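Under the heading Cu cation binding site, TrEMBL lists H60, C96, H99, M104. Look at TrEMBL and you will find 29-110 tagged as domain 'Blue (type 1) copper'.
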Amino acid sequence: MKFIVKIGLLGLLMLSLEAKNYEVKMLDIDAKNQAMVFEPAVLHIEVGDSVTFVPTHKSHWAKSVIVPEGATKFESKLDEKATFKFEKEGVYLYECPPHRMMNMLGFIQVGKAQNLDKIKNAVPKLEKRAMMNQGRLESYVKELK
């Protein structure tokens with residue numbers, strides 16, 4: 001029995017060693033002169049990987065809007081770097097709350113996009129509410145598979 005437990009723990013350790021950390025910057029303006037963006041706006045990762053949100057200017061934070069069923073929602077604090085681990089497969093849609101009207105939203109696809117239909121159904125409503133950068137989310141969704 002102890003042997004089985006040790007093998008299981010070793011397997012978990014190996015998985016955690018393989019897990020990667022990605023960085024998403026919260027920008028006022030990116031290199032393409034786009035205002036209020038996450039960079040990258042669409043990120044593809046694997047289950048167990050983590051993402052660090054980095055505010056590069058004041059007045060940014062990241063908050064999940066839609067997460068896969070059974071996944072934990074996340075929210076960073078204003079102007080603070082924060083790291084979140086993604087344990088559930090699917091697409092996570094997140095926003096910068098003070099800049100939502102400017103379509104400052106992004107996507108993290110963890111493994112397979114199991115909830116892609118839910119995301120696609122939400123995008124038109126979000127696009128309609130945007131005062132700037134309309135069409136941005138629709139272009140991002142095309143990068144989800």
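Positions of Cβ are set from backbone N, Cα and C atoms, glycine also.
The Cβ of H60 (Cu cation binding site) has M26, L78, D79, C96, P98, H99 as same-chain neighbours under 8 Å, each 6 or more residues away in sequence. Here the domain 'Blue (type 1) copper' (29-110) has a mean pLDDT of 98 out of 100. Sitting within 8 Å of the Cβ centre of H60, C96, H99, M104, and not among those site residues for Cu cation, are the Cβ atoms of M26, M36, F38, S59, W61, E95, P97, P98, R100, M102. M104 (Cu cation binding site) carries neither a helix nor a strand DSSP state and counts as coil. Note on the binding-site residues C96, H99, M104: the fewest other CB atoms within 10 A surround the CB of H99.
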